[in-house]
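Comments concern the structure below.
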Amino acid sequence: MAVSAGALAFPALSVRATLNPEIKDEQANISSTTSSSQKFTYSRASPAVRWPHLNLREIYDSTPSQTLSSPVSPIAGTPDSGDVVDSIASREEQKTKDETAVATRRRRVKKMNKVALIKAKDWRERVKFLTDKILSLKSNQFVADILDARLVQMTPTDYCFVVKSVGQESWQRALEVFEWLNLRHWHSPNARMVAAILGVLGRWNQESLAVEIFTRAEPTVGDRVQVYNAMMGVYSRSGKFSKAQELVDAMRQRGCVPDLISFNTLINARLKSGGLTPNLAVELLDMVRNSGLRPDAITYNTLLSACSRDSNLDGAVKVFEDMEAHRCQPDLWTYNAMISVYGRCGLAAEAERLFMELELKGFFPDAVTYNSLLYAFARERNTEKVKEVYQQMQKMGFGKDEMTYNTIIHMYGKQGQLDLALQLYKDMKGLSGRNPDAITYTVLIDSLGKANRTVEAAALMSEMLDVGIKPTLQTYSALICGYAKAGKREEAEDTFSCMLRSGTKPDNLAYSVMLDVLLRGNETRKAWGLYRDMISDGHTPSYTLYELMILGLMKENRSDDIQKTIRDMEELCGMNPLEISSVLVKGECFDLAARQLKVAITNGYELENDTLLSILGSYSSSGRHSEAFELLEFLKEHASGSKRLITEALIVLHCKVNNLSAALDEYFADPCVHGWCFGSSTMYETLLHCCVANEHYAEASQVFSDLRLSGCEASESVCKSMVVVYCKLGFPETAHQVVNQAETKGFHFACSPMYTDIIEAYGKQKLWQKAESVVGNLRQSGRTPDLKTWNSLMSAYAQCGCYERARAIFNTMMRDGPSPTVESINILLHALCVDGRLEELYVVVEELQDMGFKISKSSILLMLDAFARAGNIFEVKKIYSSMKAAGYLPTIRLYRMMIELLCKGKRVRDAEIMVSEMEEANFKVELAIWNSMLKMYTAIEDYKKTVQVYQRIKETGLEPDETTYNTLIIMYCRDRRPEEGYLLMQQMRNLGLDPKLDTYKSLISAFGKQKCLEQAEQLFEELLSKGLKLDRSFYHTMMKISRDSGSDSKAEKLLQMMKNAGIEPTLATMHLLMVSYSSSGNPQEAEKVLSNLKDTEVELTTLPYSSVIDAYLRSKDYNSGIERLLEMKKEGLEPDHRIWTCFVRAASFSKEKIEVMLLLKALEDIGFDLPIRLLAGRPELLVSEVDGWFEKLKSIEDNAALNFVNALLNLLWAFELRATASWVFQLGIKRGIFSLDVFRVADKDWGADFRRLSGGAALVALTLWLDHMQDASLEGYPESPKSVVLITGTAEYNGISLDKTLKACLWEMGSPFLPCKTRTGLLVAKAHSLRMWLKDSPFCFDLELKDSVSLPESNSMDLIDGCFIRRGLVPAFNHIKERLGGFVSPKKFSRLALLPDEMRERVIKTDIEGHRQKLEKMKKKKMGNETNGINTRRKFVRSK
């Protein structure tokens, strides 16, 4: 719980206004001890100033030295009874010539007559001399000793000043002086002396003594108005208005006419007795005027101070306007009070305007003025303005006083910058020499308590006690609240007990906090005892505490105490049965609550809407809906004519519990509230506000229409909400119309946020002209646009990219005000970014710096974000470096932005450095950043680091989200590990997270590539069963899987499902179907699909023809394929790269030379003779031509160049044109068809990645790579790593598995490459073994690729179970695989492959037999070890 607003909300501005009388006394003690030399003077209290037409003059001149301002607020300086006494004394000085001197002793320093004494110039010295003597007395000495000594001759007027001067330090010594004068009969008690002593006692809150003296002196001087005024001042200080009123009546009975001071004092008493009710200020002013007097500045200042104390802005404005209307000149106090009330009400701009007006009217701001303005900006947490005001305050010669420190400390506390607040507190004690007061400690303790730093708060309390400052009630309450918030119940109880022991009487807040702590800690018995104490002290708990108490009593079944509590609520709190029922419901005492409500209705209580809503809301929140319905039935029976009210209450109840859908159903269903029987404005407003809060703007618009149709007047809050609604709906014109209508009805919005919303809505609609007109209308109506309005207009320009117009507004603000802020600068830069003129950002920034603006961190971040959105990593890094050099430390948002940009740009090293830098700066890496790293590593296929990042996420305690799981699943899919991805998806579902559709698609595709058809189909069916709307790509993916499995029936079924789902097949869809027919060996079915396509109006390309032709060529029906080619030619379609690739690929798999020539001759006939010319002889002459074709194909989509070159390399390798294949492969690298680092032989980086290569291309690349590594092994440079990795992948390319093909080749050569144990699709060799093999193996003696002298008659390669293998190796390969199966090492395979068939069979038999014998021997050895173990154990068994 927080300390009450009255206690801590404004500790720095108004000490006396916010503390109770006891705290005022303590504050007065502090002020008297810390700053006794500073005395506040008020010139208008002087009679010569107040009544210049009487030509009065002071007996003494004012001190020429500059008077210091009081370190209190404008409210603290309000003219009270003490100031009134000073004013009386000034007036009485004119009458001292007529006063008779009392008898004096003969001992005189110098004989003077009365006139000489009055005219003496050294009266100040006499008063000061005697005052110092009296105040220097010890506690056991008496004033009489000084006065009897007659050290200096004094007049009665002098003694009055002595009483007042001594009373400033000690009321006891002042009373001694007064009593000594009475006992010695030195002078008769005149009105001036009595007024003086009453003023002293009033200041020290010695009311009883003041009453006694007044009663004793009244018969003698009772007809003097100043005595009554002084006594009224005593009552005024304690807020006893009735007593002051009685004195006014007594004055009139005695014939003493009250003067203006009397009424000012009476007004002060009335305002201190209670808050400023509406129109009370006007009534009090009328009271003064009805008495024939004219209110002066003190009258108005008293009222303004009360308004400031209560934060009553409307009242203050009315008083100030009345003051100006009656031509009463405002003074410095007036402006101080108005600045204070504006600051308290959060209108710092108005406070600043008054401050400027004050200086223009010739007043000089004092410390109170600056502190009030300082507080106004501090309340808005405007640190820059606070610094600006403080610097101006210092320039004017005012240093930091206690109020200044308290204000800034309070601001830092509200901002949560407690370290700065504590540092300021230390500076206050050390550097400035100011002594912290009770307010300082209270503010710090309250701020620390709210931040759960209760240990430091308790230490401050101890320090406060050590320096002799008594904690106030608010101090104790703040610490108790801090303990309560931190859940430290025992410490809160100890503090409360300490407060009681110190004599501080708890107020309602202290009792309430402790009661709340005990009740929430289930200490019901202690809470009950404290509650009884609270009741006995005259305090009553709030409704909420009663609810908690009843809840606690219910848990312990203390029904008697519940009944007592109900009686207290009824008798002490005056709660009616309806209110008691509401409390009981919230305390879960439902039976008694229902009984109370029924009693209320039976007794004739009128059912009130708010009460009914409270009860029903409690039922609803506790889930007791049946009881709520029963209650409504009772109300329908016993509360006649309440049907509409009950329906409205139900609607409002639904709104209160935020059940908007039910409220709308009830609203639209019942014609009593929605139709011609109109509802209440409360129901409309509640439903409308609920719709706005839940962002149901369309329904809110409907409710607003019904409200206007019903004739209900829209309130100001409704108009504001509807402006928001129409702006959110994108109807700024309608919103503008609502504002115009509201202003016609008398609502005055000034430059409220509504105009800002309208201007911003116009900006979002790109209607900057209308946004401009809104501001123009405001200016024409005499309303000066404020900073937010100008910024909104600039933002509208920025949305449209109108930089020049935004700059014009910026220049207007520079010229006419208000001064542009950081937000204004950011909007200006944003306009430049939207306009696409990023290159001009630096120029504008330099211009702003030349104008004196400091570019803030937010502006730099805006520029950085703009370049980041543009993907300009260079500029982003430059700005980032400059920002760090300027001292701006990066924030978590900046790190997130930078890392996301670097990850999108795949700047791996930079991203890793940024993450490390972030961790070194003690920032916790957010999940979003880790997700960006996951995406980057997945994109670059660094799956090892992807897994490491996921492990880091779990180690740091972060919970992976949907993005994390989706990225990881996609990573597993790309890494050919769909089973692990599926398990992760299951884990994701168990956590309540839904995978994205793209994740499902990747997983289905991965299962298809792994030939896991059942899992892929299961996932697809699962998506369909969920009713999700799948796009065309899902069906295409499943059709590709069906194609690869050779199941054309499934492809047909998928096509039908696709049509049933409302997705029209495209040309690509039909191509997939035809390829499925081709894979299953049904080219005729594929041709039927093509015929059907011809009958439609679809414009055909070579894609469907290539599918049909490829189907015939795969089934070895070359003639039919050629016929379809010629048909396509006749139909006007020119064959392209798809057709060429089909024929070249088919030629590479043809077994005989004649078949190859047949296919290539067909291509030559249609105008593409490059393949046949490469095979015809002297292919080296065609290098430039081949390069030209590759360049043309590279620009075509669908991997045209890659597919064609792969097929061509297959053909060249198969028919032993391997030198030609070598330079064709290198041309492919040159043109970017193949990756530049398809194989690498660099320093400590030997590796290759042959994925995306065909079988022939992979064999060419392998030979070239081995040749490069052999050269490096012989020369010793580049140095090899510890192991060499060859990535083959697990996919098949047109029926060829690279993994199987490369294994067969390397195993035949006896290479040291072995399969990776942890990942499939990888071959790994130890570098040392690889180098030795390259140097010594006979297979590596000649790795140069050469062309055959003549084209062989048959294909040198064969395709066996996905393995593109040398045809001569096929018998040995099949024999070894059949006999040994499983894994055979490369060396063993190479040795067996070279043997004749019979010898190979004997060697295999011998190997199998040797392996069997080895296993038997190992089994016997194991059994022997077990037997030895048994004997060994028996050896140590002791015999009996």
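Just so you know, glycine gets a Cβ as well, placed from its N, Cα and C.
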Region 'Disordered' per Swiss-Prot - which of 19-40, 63-84: 63-84
For the repeat 'PPR 15' (751-785), sequence-distant contacts whose Cβ falls under 8 Å of one of its Cβ atoms, 6 or more beyond its ends: 719-720, 723-724, 726-728, 730-733, 735-736, 739, 792-793, 795-800, 802, 805
DSSP helix/strand/coil residue counts for the repeat 'PPR 6' (401-431): 27 helix, 0 strand, 4 coil
Secondary structure composition of the repeat 'PPR 7' (437-471) [DSSP: H/G/I, E/B, coil]: 26 helix, 0 strand, 9 coil
Same-chain residues at least 6 beyond the ends of the repeat 'PPR 20' (926-960) whose Cβ lies under 8 Å from its Cβ atoms: 892, 895-896, 899-900, 902-904, 906, 908, 911, 915, 918, 967-968, 970-971, 974-975
Model confidence over the repeat 'PPR 12' (643-678) (mean pLDDT, whole number): 72
